[in-house]
Amino acid sequence: MSLTPRQLGEQLRQRKQRRQPIAVLTAWDALSASWAEAAGVDLVLVGDSLAMVALGHATTLPVTLEAMVQHTAAVERGLRHTPIVSDLPFLSYQCGPDQAVAAAGRFLKETGCAGVKLEGGEPETIAVIDRLVRSGIPVMGHLGLTPQSVHQLGYRRQATDPVAQERLWQRALELQQTGCFALVLEHVPAELATRLSAELSVPVIGIGAGEGCDGQVRVSADLLGLTPQQPPFSPALLDGRELFSQALRQWVQGVQSAPVPPANHSAPHC
């Protein structure tokens with residue numbers, strides 16, 4: 001990558017200061033990475049959503065650290081200059097700072113990514129982020145709807161009452177103070193996200209959090225209409241499933257309807 005981890009954080013902060021919206025797309029392999037870069041994104045996120053998009057799981061929970069490292073390396077090979085941030089998957093950092101440093105270190109050493117993303121803002125997570133940052137590993141935070149907590153919180157909208165909003169606000173401030181270079185806010189009220197974006201000095205990247213954030217992130221497969229179920233806050237821009245299926249169906253039907261060539265037209269045996 002052309003940007004070092006430190007340069008990535010500085011570049012994103014400069015875009016925030018200049019009020020230049022930040023565009024982030026996910027990728028899960030070299031091909032999807034090349035699509036994102038051709039579109040001109042500022043940052044590629046290798047999200048643990050690849051568990052659902054590429055590996056067929058119902059949630060993000062089953063994806064392993066090994067799989068995330070492998071897919072992140074593939075994404076890196078599909079890019080020329082766009083920086084990468086990768087998700088630390090479920091149970092790769094929840095056991096404590098030592099585990100988190102070992103896991104995050106693999107991404108920086110083996111994949112060329114510029115940082116990692118962690119979900120949550122509980123005291124235990126803050127301690128993990130503090131250790132990562134002090135170890136020289138850039139961290140992007142993630143609050144609101146956190147898919148790794150699906151069994152506790154579900155996929156419903158988060159921070160919808162004053163108590164929950166105050167808790168999210170304080171956690172966002174803690175993440176910034178601990179050293180996160182950016183923050184993802186997912187599926188929270190737009191007014192709250194707008195106020196937080198104005199309050200924080202680090203960029204706030206929204207998904208389902210309104211248009212008042214410093215940038216937006218989307219799962220590429222959702223935008224392309226490739227996933228069977230669309231999140232309500234991430235509508236598709238085209239019906240990719242139907243377009244791809246139609247093209248493949250046309251080829252299959254052409255093969256199946258073609259006349260079988262006579263035996264003497266087959267290639268000679270060597």
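Each Cβ is built from the backbone N, Cα and C atoms, and glycine gets one as well.
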Among Asp87, Asp161, Asp214 - the residue Swiss-Prot places in the same 3-methyl-2-oxobutanoate site as Asp48, Ser49, Lys117: Asp87
Distance from Glu186 (active site, proton acceptor) back to Glu119 (Mg(2+) binding site), taken between C-alpha atoms, in Å: 11
In the chain carrying Ser49 (3-methyl-2-oxobutanoate binding site), residues 6 or more apart in sequence that have Cβ under 8 angstroms from it: Thr26, Thr60, Pro147, Val219, Ala221
Residue, out of the binding-site residues Asp87, Glu119, whose Cβ gathers the largest set of other Cβ atoms within 10 Å: Asp87
